[in-house]
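Noted in Swiss-Prot for the protein shown:
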type	residues	note
BINDING	Gly10, Gly11, Gly12, Leu13, Ala14, Gly15	FAD binding site
Amino acid sequence: MDQQPIQVIGGGLAGTEAAWQIAQAGVPVILHEMRPKRFSPAHHTEHLAELVCSNSFGAMASDRAAGLLHEELRQLGSVVIAKADEHAVPAGGALAVDRGQFGQDLTQTLASHPLVEFRRGEVPYIPEGIVVLATGPLTSPDLAADLHRFTGMEYMSFFDAASPIIVGDSINRDIAFMASRYDKGEAAYLNCPMNKEQYLRFREELCKAEQTELKDFERETAKFFEACLPIEELAQRGEDTMRYGPVKPVGLSDSRTGERPYAVVQLRQEDKAGQLWNMVGFQTNLRWGEQKRVFQMIPGLEKAEFVRLGVMHRNTFINAPQLMLPTLQFKQRPTLLAAGQLIGTEGYTAAAAGGWLAGTNAARLALGKEPLALPPTTMLGALLEFISSASPKHFQPMPPNFGILPDLGMKIKSKPERYGRYRDRSLADLSSWKVNLT
C-alpha cells in the first residue's frame, strides 16, 4: 500500500526544514505555500524560506545562544543551516546570508527531491492525517480562523506585546526586594523601588527615547490593544500615569526599610528555575538600544542582561504551554504538529530548529515510531521544554538564550567560561542522544 504523504503547511524556514527532514526519512511530503498566488503583507518573492527582516541568523560563536543552536542543527543535518553556511556573507561575528541565493537554493533543493511535492496556493483549513503547521506570524486569515476554532479562542494571539526578559543573576538583589502586593500569598515578585527623583528622571528619558515604527498592517491590529499600551505611551500621557499603572507602589513596602517607594517596577518569574524575570507591564516600541539605555536606569537593573527585549508587532501564535508537547505535537491531536513562530519560538534559527523536530517526529509517526524530545540540556531541547511548560497565563514568545538551560550545578562568575560549559554539555548530550534517531 502506498504511504500517505505528510502535509506541511507553510514554506518558511520551519516548513522548509520540516519538509526536508520528512523526505530524507523516506516519507512522501506535500509542501503547501500560498505564494505567489497570495502574498502576506511582508513577503515579496515566491521562494521558500524568504527572510523578510534581517538577513542574519545571529552570532556564529558556539558559546553564544544562537551560535550553539547553529552547531546543534549542523550535527542534526539541518538543510537550512547547511544552506546558510553555503551562502554566508561577511557580517563580523554573525551568520548572515545572501538572502536571494539562499532562498533560491533552498527552493531548488526541495523541488529536486523525489519525495517532495510542491503545491502553490492557500490552505484554508487544517487537513486530516499527519500535518505540520508552519504558517508563521502572518498566517492567512482563513487558516488562522480554523486554527482559532481548533485551539479555542483564549489560546491564540494575533499581536505580540511583550515585555523585556532579564537574566536573574544580573539583577542587583541589594536593591530589588521580593514581595507580593499587600503581602498576599508568598513573595512572588522582584520589586525595583524608585524615589521621586529617580522616577521623574526615568520618565523623562522614557518620553525622549526613540521608537520603532509599526508597519501599516501592524498598526491596524495594534489599535485594538488599549490594555497593552507601550510603557512609553503611558509615560507621555501624564506624570503619574505609570504610577497608577505598571509601576504603582500601593501595597508594596521594602521590609528592609519599612518604607513605601514612590514607584515600583515589578519583575515576574518567567521559568521554573527562576533564572529569567519579566518586566511586568513594560511592553514597548522603543528601539533596542534605547530599551537597554533607559531600562538600566531603573534601580537594581543597572547591569541587567536582557535575553529578550520588548516588542510590539503582528504575530499569530498559540499558547504552546496549554496546547503542545515538547515533541511539538498538539496534546488534543497527536498527528498535528507545529513549528516556528506560530508556537512561540522567536528568530530564524529557532524556526528552523523547530521545523527539524516537527519534521522528524512527523516522519516517525508515519513510520510507526515513537516521537522524540531532545535533552533539555541542549539549546533546542531547552527552548521546546520552555514553550511547552511555561506559565500559560503569561506566555510570550521566547528566543534561544542561556537562561533557559538547566543550571550547571556550580557557580561560574566568568560569563565566557560559563557559556562555554553550557556549550560543551549541550553538544556532548546531543551527540549521545543522536543514537535515538535510528
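Note: Cβ is positioned from N, Cα and C throughout, glycine not excepted.
Structure with Swiss-Prot features highlighted.
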| residue | record | Cβ contacts under 8 Å, 6 or more apart |
| --- | --- | --- |
| Gly10 | FAD binding site | His32, Glu33, Leu133, Ala134, Thr135, Gly136, Thr139, Gly340 |
| Gly11 | FAD binding site | Ala19, Leu31, His32, Glu33, Arg35, Leu48, Ala49 |
| Gly12 | FAD binding site | Leu48, Ala49, Glu50, Ala134, Thr135, Gly136, Gly340, Ala351 |
| Leu13 | FAD binding site | Ala49, Val80, Gly340, Tyr348, Ala351, Ala352, Gly355 |
| Ala14 | FAD binding site | Ala134, Gly136, Ala339, Gly340, Gln341, Leu342, Ala351, Ala352, Gly354, Gly355, Ala358 |
| Gly15 | FAD binding site | Val8, Ile9, Leu31, Glu33, Leu48, Val132, Ala134, Thr135, Ala339, Gly340, Gly355 |
